[in-house]
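Student: First the structure, which I've put down as structure tokens, then a few questions once you've had a look.
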Amino acid sequence: DWVFGVRYCQLSNFIANVTVAASVFTLTGISFDRYQAIVRPMRPRMSKTCSLIMIALIWLSSMLLAIPCLLYSTTKVYRSKGTLKTACLLLWPDGLPDVSYMDYIYQVLFLVVTYAVPMLGMTFFYSAMGRVLWGSGSIGEMTQRQVDSIRSKRKVVKMFILVIVIFGICWLPYHGYFIYTHFDPSILYMKYVQHLYLAFYWLAMANAMVNPIIYYWMNAKFRTYFRTAILCRWRDVCRRRRKRPLPDSPPDCISQSGSRSRSGFYSLTGRGAQRLKGKCSSRMAALVVSESLRPEIAETAFAC
């Protein structure tokens with residue numbers, strides 16, 4: 001029984017479809033970015049401006065795809081077992097969803113745009129990455145380090161395959177539900193049909209939550225950097241890590257030849273700083289100011 005009125009009915013259906021489309025488009029965009037980094041490493045990486053434009057396009061296209069929900073969602077009063085109840089549903093110009101051809105066309109379009117095309121796109125991107133990583137190896141006799149590197153790359157390929165399989169499993173019931181209801185409208189009047197729909201919806205939304213778990217389980221570097229990011233939220237823990245890095249921590253940017261400042265950073269000057277900057281090009285540069293707070297004696301230090 002819907003008790004929130006027409007306006008919230010429109011907003012609820014609109015937001016539901018926007019989140020579905022945005023989630024899928026984001027996963028596809030991430031796979032494309034990884035494809036560029038692995039298959040075409042010599043090309044320039046995506047700039048911040050391009051990333052912002054892509055994010056804006058993802059949300060804009062998601063909202064455009066969900067506009068019919070905003071236009072045609074309404075409430076309908078019906079009698080069930082002698083009691084009047086209210087339902088929130090789509091009322092198309094040619095009728096309710098169980099008899100509307102427009103609704104069927106929309107559901108098929110939504111299936112193609114948010115499931116079939118992204119599935120094919122991610123399959124292509126991850127397959128190309130898999131071929132590059134699986135086929136990469138060394139000529140001649142390999143050292144143990146090279147063997148471990150190849151084994152790690154092939155584990156990443158298996159992770160890519162699992163990501164695609166999980167995507168298909170999570171999203172297929174959600175899309176299949178809407179297609180099936182067009183051919184068998186009686187299912188809409190079942191007692192627990194709303195619970196079934198919510199189960200399919202949350203299973204689909206869980207796909208974005210499951211992916212980080214897969215990365216953590218199958219990728220050692222992801223585990224290491226994830227733990228580092230969590231621990232470094234507390235300043236005192238992060239400082240202790242700078243003093244004594246853990247064995248499985250990522251390469252530290254602290255130089256043993258630098259001089260330690262009162263702030264807990266190691267500072268460098270001259271050629272030492274240039275060498276360190278080259279090694280830590282992907283890390284953050286922190287400006288450390290001495291206790292006297294005079295800008296002219298500020299030093300640049302690199303830290304994790």
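Easy rule for this one: first residue shown is 1, then count along the chain.
Note that Cβ sites are derived from N, Cα and C of the backbone, with glycine treated the same way.
Whatever TrEMBL says is automated annotation, not expert-curated.
According to TrEMBL:
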- 1-215: domain 'G-protein coupled receptors family 1 profile' (DOMAIN)
- 14-32: transmembrane segment (TRANSMEM)
- 52-73: transmembrane segment (TRANSMEM)
- 104-126: transmembrane segment (TRANSMEM)
- 159-180: transmembrane segment (TRANSMEM)
- 200-218: transmembrane segment (TRANSMEM)
- 245-266: region 'Disordered' (REGION)
- 254-266: compositional bias 'Polar residues' (COMPBIAS)
Student: Over the domain 'G-protein coupled receptors family 1 profile' (1-215), what is the model's average pLDDT?
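Tutor: Here the predicted model's pLDDT, averaged over the domain 'G-protein coupled receptors family 1 profile' (1-215), is 86.
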Student: Pairs 6 or more apart in sequence, C-beta under 8 angstroms, 3 or more of them: is that satisfied by the transmembrane segment (104-126) and the transmembrane segment (14-32)?
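Tutor: Since 3 or more Cβ pairs under 8 Å link them, the transmembrane segment (104-126) and the transmembrane segment (14-32) do come into contact.
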Student: What residues elsewhere in the chain lie close to the transmembrane segment (200-218), defined as a C-beta under 8 angstroms and at least 6 residues from its ends?
Tutor: 16, 19-20, 23, 26-27, 155-156, 158-159, 162-163, 166-167, 170-171, 173-174, 177, 226
Student: Six or more residues beyond either end and a Cβ under 8 Å away: which residues meet both conditions relative to the transmembrane segment (52-73)?
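Tutor: Residues 6, 9-19, 21-22, 25-26, 29, 46, 88-93, 106, 110, 113-114.
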